[in-house]
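Among the features that TrEMBL reports, ATP binding site is placed at 63, 64, 65, 66, 67, 68, 69, 70. The domain 'FtsK' annotation in TrEMBL covers 47-250. Taken from TrEMBL, the feature region 'Disordered' covers 390-419.
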């Protein structure tokens, strides 16, 4: 039976049996073998479904400009969200290619979407990923969980809270890797850092997905990639050159490792409208269908460092210390990027603190924060005394309320003693 050439399809046309959202619960098993498009098998006169199995894979999606890399990311994210409860799969997206991925943040499975204008959010994603891998490594060791397969089975049980964390399989998606590592950009010179994350990530359910126009930029990371998807480009194929030469140049047409067939990536929509002209409306419809479903749990949205932080806000984050001298000598200075919890100067460990910084970088303000923290931890002059030596006689930046401070100008320094 003759079949026409592959034409544009939507996710629901590719797989009419997509999991129904009503059937997804927090104990529904994780589904990482998800619909992605259609293959074309002219010898057998069939066009079988193209599923991507992400269970034990990192993914590299390559292609030239305007061939559908960002659309493919939207399709992949949508397919994972349609087939999994937010307790089972979480995704964090770095949109460095300007691919319009921001709407994905409305999915209950997506914890964050960061662009090149959000360097703090990008750093926070990477720090959180590193912390998750480390904490899950400890969790597996403490509870004698041998593999991620057993962990996935464990978290489907209602009584698993003591031996599991708040995450399932986590996907870190970087769209536009070649742009992100270009000189002057956020990931330039950090390939080794990303490589160290990828190396053992799959053992703990952390998957990386990259898109790039230049495979050469993947040096060091490429050997850790298991699944390759190639759209049209002028580069030499890493899959099969003869297969790549036969691939049409149209957007969405691709080849993949592990298959001798040409493929077509589905559009990220479930309205049955196979139209690329108003694809934004189709994606909005898909996101609304998922986000309006009353899931019992949603991924915690990514939090980043605030633009500014008042000393009173720092104080609210610090638990009461009582009369414990060691805890009183932990002076809160701000919040850590990795945890968004208070960062301390551990004065009981190291009694000296040196502050470096360029002009106008906030050194005097930090001195004021140190003074404020001392005053809060040691509220009377009987508890502590501060001697402030300032050769330029500048304000300390401390709050205006009374504090145990003796301020010495240059002419007053002679003879000042320390208690």
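Each Cβ is built from the backbone N, Cα and C atoms, and glycine gets one as well.
Structure coloured by features recorded in TrEMBL.
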residue	record	contacts (Cβ under 8 Å, 6+ apart)
63	ATP binding site	69, 211, 213, 230, 231, 232, 233, 254
64	ATP binding site	213, 231, 232, 233, 234
65	ATP binding site	213
66	ATP binding site	251
67	ATP binding site	231, 232, 233, 249, 251, 252
68	ATP binding site	231, 251, 252, 265
70	ATP binding site	95, 97, 99, 100, 101, 175, 211
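Neighbours of residue 69 (ATP binding site), defined as other CB atoms within 10 A of its CB across all chains, total 26. Taking the mean position of the Cβ atoms of 63, 64, 65, 66, 67, 68, 69, 70 as the ATP site, the remaining same-chain residues with a Cβ inside 8 Å of that point are 213, 231, 232, 251. DSSP assigns residue 67 (ATP binding site) to coil, not to a helix or a strand.
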